[in-house]
Amino acid sequence: MAFGSKILNIGSKSDEYNDDAVPLDQVEEGAQERRYYLGLTKREFKLMMLAGVGFFLDSYDLFIINLVTPIFEYLYWGGIEKGPTGKGHYPSGIRGLVNASANIGNIFGQLLFGFMGDFFGRKFVYGKEMVIVIIATVLVIAMPKSIHSPLSKMMWVFCWRWLLGVGIGGDYPMSAAITSERSKIKRRGTLISLIFAFQGFGTLAGAIVTIILLGCFEHPLNREGHYHKLEGVWRLQFGLALVPAIGVLIPRLIMKESKSYENSKALNSAEGKDPKAFFNTDDEDNMKKSSSHGDSEVVEASDRYANQADAADAEVDNIEKQFAAVTTPENSSGFITYFRQWRHFKHLLGTSVCWFLLDIAFYGVNLNQSVILKNIGFSTGTNEYRTLMKNAIGNLIIAVAGYVPGYWFNVFLVEILGRKWIQLQGFVITGLMFAILAGRWNEISTGGRFACFVIAQLFSNFGPNSTTFIYPAEVFPARVRGTAHGVSAALGKCGAILASLLFNFLTGVIGYGNVMWIFCGCMWGGILFTLLLPETKGRDADEIDRLELFYGKDGKVQCDSKWKSWYFNGIF
């Protein structure tokens, strides 16, 4: 056949096991590696730690502000009930802005790093986000004592936590793409979920660190009433995040490029072009024969290639490889061209809107959990120290009982139940908990409201909080994965910002019960947009992408009956 000698094995996962081009089915079924930790191979374990520690740090940095907020109130605004002059307190607008600062930065980081990851490559980008996180953290805790105005102090924190958010945001699309491209398809969901589950440990660590620090300062705070010592507490709360950040910096900077990404770049130039233009007449005839399963021409081809188990598939594979070899990357136009088609855009719409609706409720609760605990009567004490300690203990209980277990339910069940079912049931049950809180806010006891929040956290993290991260990593092909994941996550952070800025205002205007109705509506709205998404369990987005280029619209779908179902393929 009239082809060049260079062969590119597009979409193969072989780069994670050896340097030779190995067919995907051989990698999936034939590569046997011993499993050690949590059922993972050594390579999977290293990947989990490298990306997972990043998510531990992300969660710690994002949600520690919830535990620092009461300290800011006592230290700079004279307490919760009244300010230094007896006429005010920590303004809800300023509090919301400071709480939202990292999430605002997230949007820029997710879009910027997602695009750069697709355009320049994963290696070029990965690790740079951690440099930003380290610099921003140092600047936050270096707030000079020469700043006297409480408002100026909060603006200092806001500015550098915004920069911190840029770095954290960049970690989302890059870690998701790298994990997806270096995982076996049958274990991909579990590994991505496992890495994302480190967020639970980050939130848990924030509560534990706060309790330990308050315990260390117990004598000057509780017995002597020297509350200016809280200055050291909040700086340590923020500053301890430097430990994991520095630990993963070098390994990220020296990580090699994913061959799955390198190979996928060639497909961008194929979008919208006729593959036949790259082959001669004989090649064109062979491709037609290979795409006609079951007819007489395939039988003739099988006779000519007696030494091959399936001549048609071998011919298609050969043509796909050669076609990739003669193409060149055009990453800048690939994203727009790909999502110009509704069958692709509906997936981006589903992942983005589901993430947006989830984060309105998720961050509305988590960034204001200390305020909610005080309102339901849990975090009250005889003095400031005891109030802060009870608040930290309340956050710890919610993390242990609902937050962390939810992630691990997802880890163990994501490959059994599938992504779509888990996301649907999570939206339903979390919405139900918010409905109960909304309808009976004033009637339910403190323990009852606390239990509802724990259950909501459990099913939120088991369901949509995990699957909204998994979906963009699996449903989009590698050539647009980083940008698409960044867009989805950025829209989610828009929801988080809305919740951060408006929660305190709305609770003062319409009350906590009506705010819970808003959260309930967001959860049940997520059910509708989940229906746009396919089930990605066992789905190879890169393979489907290649087959669509060769066989036209829904080429893969027509060859596999299970994708004909609305449930597996999504509505519309």
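Quick reminder: no glycine exception, Cβ is built from N, Cα and C everywhere.
Record features (Swiss-Prot):
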- 1-47: topological domain 'Cytoplasmic' (TOPO_DOM)
- Ser12: phosphoserine (MOD_RES)
- Ser14: phosphoserine (MOD_RES)
- 48-68: transmembrane segment (TRANSMEM)
- 69-99: topological domain 'Extracellular' (TOPO_DOM)
- 100-120: transmembrane segment (TRANSMEM)
- 124-144: transmembrane segment (TRANSMEM)
- 145-153: topological domain 'Extracellular' (TOPO_DOM)
- 154-174: transmembrane segment (TRANSMEM)
- 175-193: topological domain 'Cytoplasmic' (TOPO_DOM)
- 194-214: transmembrane segment (TRANSMEM)
- 215-229: topological domain 'Extracellular' (TOPO_DOM)
- 230-250: transmembrane segment (TRANSMEM)
- 251-346: topological domain 'Cytoplasmic' (TOPO_DOM)
- 265-297: region 'Disordered' (REGION)
- 286-296: compositional bias 'Basic and acidic residues' (COMPBIAS)
- Ser292: phosphoserine (MOD_RES)
- Ser296: phosphoserine (MOD_RES)
- 347-367: transmembrane segment (TRANSMEM)
- 368-395: topological domain 'Extracellular' (TOPO_DOM)
- 396-416: transmembrane segment (TRANSMEM)
- 417-420: topological domain 'Cytoplasmic' (TOPO_DOM)
- 421-441: transmembrane segment (TRANSMEM)
- 442-449: topological domain 'Extracellular' (TOPO_DOM)
- 450-470: transmembrane segment (TRANSMEM)
- 471-485: topological domain 'Cytoplasmic' (TOPO_DOM)
- 486-506: transmembrane segment (TRANSMEM)
- 509-529: transmembrane segment (TRANSMEM)
- 530-572: topological domain 'Cytoplasmic' (TOPO_DOM)
Interface present between the transmembrane segment (154-174) and the transmembrane segment (486-506) (three or more C-beta pairs under 8 A): yes
Residues in the topological domain 'Extracellular' (145-153) grouped by DSSP into helix, strand and remaining coil: 4 helix, 0 strand, 5 coil
Stretch-level contact, the transmembrane segment (194-214) and the transmembrane segment (396-416), CB cutoff 8 A, at least 3 pairs: yes
Composition by DSSP (helix, strand, coil) of residues within the topological domain 'Extracellular' (215-229): 11 helix, 0 strand, 4 coil
Interface check, the transmembrane segment (48-68) with the transmembrane segment (154-174), three or more C-beta pairs under 8 A: yes
